[in-house]
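What Swiss-Prot says about this one:
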BINDING   C61, C63, C76, C79  Zn(2+) binding site
BINDING   D450, D452, D454  Mg(2+) binding site
REGION    1197-1220  region 'Disordered'
COMPBIAS  1209-1220  compositional bias 'Basic and acidic residues'
Amino acid sequence: MAIDVNKFESMQIGLASPDKIRSWSYGEVKKPETINYRTLKPEKDGLFDERIFGPTKDYECACGKYKRIRYKGIVCDRCGVEVTSSKVRRERMGHIELAAPVTHIWYFKGIPSRMGLVLDMSPRSLEEIIYFASYVVIEPGDAPVEKKQLMTEREYRELKREYGASFKAGMGAEAIKDLLASVDLAAEADQLKRELQEATGQKRVRAVRRLDIIEAFLQSDNKPQWMVMDVIPVIPPDLRPMVQLEGGRFATSDLNDLYRRVINRNNRLKRLLDLNAPGIIVQNEKRMLQEAVDALIDNGRRGRPVAGPGNRPLKSLSHMLKGKQGRFRQNLLGKRVDYSGRSVIDVGPFLKMNQMGLPRPMAIELFRPFIMKELTTRKLAGNVKSAKRKIDKADEDVMDVLEDVIKEHPVLLNRAPTLHRLGIQAFEPVLVSGKAMRLHPLVTEAYNADFDGDQMAIHVPLSDEAQAEARLLMLAAGHILAPKDGKPIVAPSQDMVIGNYYLTTEEAGREGEGMIFSSVEEAKIAFASKVVHYHTRIGIQTSSFPEAKPFTDEQRSKIMVTSVGKLIFNEILPVDFPYINEPSEDNFKGISDQFFIEPGEDIHDYLADTAVIGAFKKGFLSDVIAEVYKRYKVTETSLLLDRMKDLGYEKSTESGLTVSMNDVTELTEKPAILEDAHKQVATVTKQFRRGLITDSERYQRVTEIWTKAKDVIQDKLIASFEPTNPIFMMQDSGARGNISNFVQLAGMRGLMAGPGGKIIELPVTANFREGLTVMEMFISTHGARKGMSDTALKTANSGYLTRRLVDVAQDVIVREWNNNADRGVAVKAIMDGTSVVEPLYDRILGRYAMKSVFNPETGDKLVSRNEMIDEDVAKAIVAAGIEEVTIRSVFTSTTEHGVSVLDYGRNLATGEEVEVGEAVGTVAAQSIGEPGTQLTMRNFHTGGVAGGNDITQGLPRVQEIVEARIPKGRAEISEVTGTVVAIEENPAERTKAVTIEGETDTRTYTLPLAARMRFAEGDDIQRGDAINEGPIDPKELLAVTDTLTTESYMLTEIQKVYRLQGIEVSDKHIEVMIRQMLRKVRVMDPGETSLLPGMLMDIADFQRANEPALFDGLVPATARPVLLGITKAALETNSFLSAASFQETTRVLTDAAIRGKNDPLVGLKENVIIGKIIPAGTGMAEYRKIKSKVVGEVVAQPEVEQEPTPDIPKLDDVAKSFEE
């Protein structure tokens, strides 16, 4: 029966009873045959039998008596096949009745063994019983043995002879089944609860585990004996297909081989039982049947895996679910889709921000059904068939229709790897010739694409809703800001930068300097007549600018001094935006009075005294974009970006920028600098030979000498560059390359690292212009090779980190506006020693204040409680000298399965308050994972300084923190608040003892002798402070302090890693991840509740479980917070679907089945898996309940020539418009 995916609320998993398996089945599979090799028809009673599984051809029985849909539902009287759609062969199951019970390997073999826990037996004993090595006592009767005792064949025979009928023992799965059926779960649970009150140590741990499993059986209505199977389900044949290859051979799914082994052994066992064969033969056959079923369910879990042809292990049912190629990750979480294509991308400078160039052949294929509909509607084709023929012939009519079909039908472009949400954006297609898709040059940054052969995939959203969503939420013009830090991600690069840089450069003494023009037009005419140059400094009557330009009245009466290029640059800015004359933030408030002269004043005198203003570099252009976005939002910004792109391309072409060998200037002082360095090295070597210094000191001094020499050359080289040198312009403007590239071209390459990462003390003194010697070339190759392998490793590591992060945070969604949390987090600037890692401004911007903030000097209120701190407020707070602000934080959010708007604050990608329904968890994971590839893989070695531990940095450090591992070289932390009373060194044992006296007790800590102390004798120390230098183990910190301290420490540490590499990631993303690591508590004392000691549970579930006890005045349970690494946290989620599709699939499913777990489908992943609309954005329950109706008639819109890019409306507004 078909289930409407969007209707059901939750999904439950459990153990299947034999009757349940029979009820699923459409018939028993009795023979191992598959397909008759001559007729290619399925064999009767075989694994592909049409009577059991349905017809192989649509609406046609096996013998051909009934054909056509009109006989639907009839069962043929000749061949017994039901006439129906052949699709049922994907859903109808069969079964095999086993001649002897067989244990399910998941429940016997898993860790811990579930059968072992229920029976209180060791896995070793179970194995001996199941595989017929020992007997087990089922009923001792009068015999002097215990129940569940193991015995040999000989002991069994003697006891059987002596005690006869009352004594009962057995072996194999049958014995296990009897034992499981005889367990009284309720009595066992009571007994264990009593035991728990006395037990300690290992005994207690075992009791807790057993109680957990037994309670699970009691609460789930699963019977323990169902872990042993009498019947095996046979999955539908189309899920284990058999196809004929050329040459008459067959390719088949491994499952068919595994099923055939089971059926063969089962049939043989039946025959042996009918023949009353000797016990030892039957036993052997039962053991083989058990092994065959084990291999079918999980091949290779026990013993050697069953291999197929070529000694390849066969893929069992478990393998079908596991891993990247398993059912979950290959077919449920990501599917191949139709209406998609892929092609090489090329640059499309002629495109608007919201357009992409679609090659005509691709467009015809992608929009085929739409074209066919349009052709028939316009009566250009008589029917669908003739329309199809026209398309195949590429008729002219098709091309005419194509233009209209693709108009306003957005398409999605994706580039792998999709590291963050900007890896998929929507565009309006524009038809282009050729076979390459054209991409707008400004979106390349977000996609991390270049045009050296990159390919991209294109997808066509089909339904109206999908098109609306693509247009409103995904259009590229709306994605100006990066979600990780809220800075513009679409900034001009390369040619566009150099063009605008060249245009806005000023040069003293250019032709026409000091001319005064009455208007911009007049200046342009002068330029066209070659009277002035772009770089010429000129005057212009300020009154000639439009009224909207923000000049003061005084400025309007004067002459403004600027350059011709800047006049042209300012024309692309919005009309009421301040005139930009210098690359500074202050210019955004309004142009400075220093650039104006009185009408009668001599402009030449002014210019003689005034220095040349620098050109607009890449960073400043980015600032302009951010400022325009802040003031005018999306539409105006995307139009500005296009204008800036066009201007940049045009002027970089005009500039005629070239690079030649002569631009790489030689440094005349270089030989002298090198000579000096060689002399210093010789001196150091002499000192070493005389034994004045050690080898490591010599090595260190030599490397220092060469580093210094390279720095001197670098400084002199920069000073010697002409400002008009094209190479210098490229670097200075930020278009391409940095200073070290040019030092290597014209200065010296310097010291290189060897294969082990150690610096080779022979420097590469040559540069690329002179050319390297063979020796130098080989020294250089080490670094190049290491760089390549590092990058490859880094990409894999970073991708896996992102996957784990997404998995742990995927159900964090903004669920409400305010949860009335009663505490916030006090934040101050993050420091590393004396340097600021992240300033207070960055930490409070776009967050909500927990309590009002007042200016300490004047007493003025700067921001109220629950009010957002915007740029102006943040600046005011910093200016007022306030160092600490209490803000609403994700850490203190009380919203279940998510956060509230006030906790999260501003959505960095839009610059607006975040909306209910935003999937902030996934965005957070992407924001932390995406820059992962830029982090280093290396651990820095502190050049042989004694006591300096190697510090883990970069990607390994981030992993160490989020996996909550014990860090390398960790520091000891104080467990008490008090004073350091003594530090005693013990050189013999290479340790030192630090004694701290607290208010109530005194603690002594033993540290390595080389440890660098953070406290001296007599210093005060707080609990949780690190005593010596080094990273703290967050689990230890949590045990000594509270959750908030631990969370803040982890946040600070992660920020240090990213900011050190110059990567800005907003605090809130890291907060989301860390909160997910701390959402569980472990029950310490169950009090008078139904909880079990040692249980891991969500904080919200724990509070709910405690409510009845508190209500009835009973003793509530107590628990302590637990810090889980992200992998563990992702596996401990309440959704078994999400956990199973992440890692350890069989373990997760085994556990979920025994507990009869119910998946409430609150996260994104579980809904994707079952194909339900995800509960984020418009898929949230409150948006889904909205009904829509059309009021009045729909009026056709008049056609507009070139409409600007639409503003991106909010989700709430979209929902409201549906509502209305």
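Glycine residues also receive a Cβ, built from the backbone N, Cα and C atoms like all the rest.
Model, not experiment: these values are computed from the prediction.
Nearest to C79 (Zn(2+) binding site) in space, judged by Cα atoms and limited to the binding-site residues D450, D452, D454, is D454.
Other than D450, D452, D454, the residues of this chain whose Cβ falls within 8 Å of the Cβ centroid of the Mg(2+) site are, in sequence order, I345, A449, F451, G453. Summary: among the binding-site residues (D450, D452, D454), the fewest other C-beta atoms within 10 A of the C-beta are counted at D452.
Summary of the Zn(2+) site environment: with the site residues C61, C63, C76, C79 set aside, the chain residues having Cβ atoms within 8 Å of the Cβ mean position are A62, G64, K65, Y66, D77, R78, G80, V81. Counting every protein chain shown, the number of other Cβ atoms lying within 10 Å of the Cβ of C61 (Zn(2+) binding site) is 24.
When the binding-site residues C63, C76, C79 are compared by the number of other CB atoms within 10 angstroms of each CB, C63 has the fewest. Considering only the binding-site residues C61, C63, C76, D452 (Mg(2+) binding site) has C61 as its nearest partner by CA-CA distance. Among the binding-site residues C61, C63, C76, the residue whose Cα lies closest in space to that of D454 (Mg(2+) binding site) is C61. Taking CA atoms as the reference points, C61 (Zn(2+) binding site) and D450 (Mg(2+) binding site) are 57 Å apart. C76 (Zn(2+) binding site) and D450 (Mg(2+) binding site) have their C-alpha atoms 62 Å apart, to the nearest angstrom. Cα spacing between D450 (Mg(2+) binding site) and C63 (Zn(2+) binding site): 60 Å, rounded to the nearest whole number.
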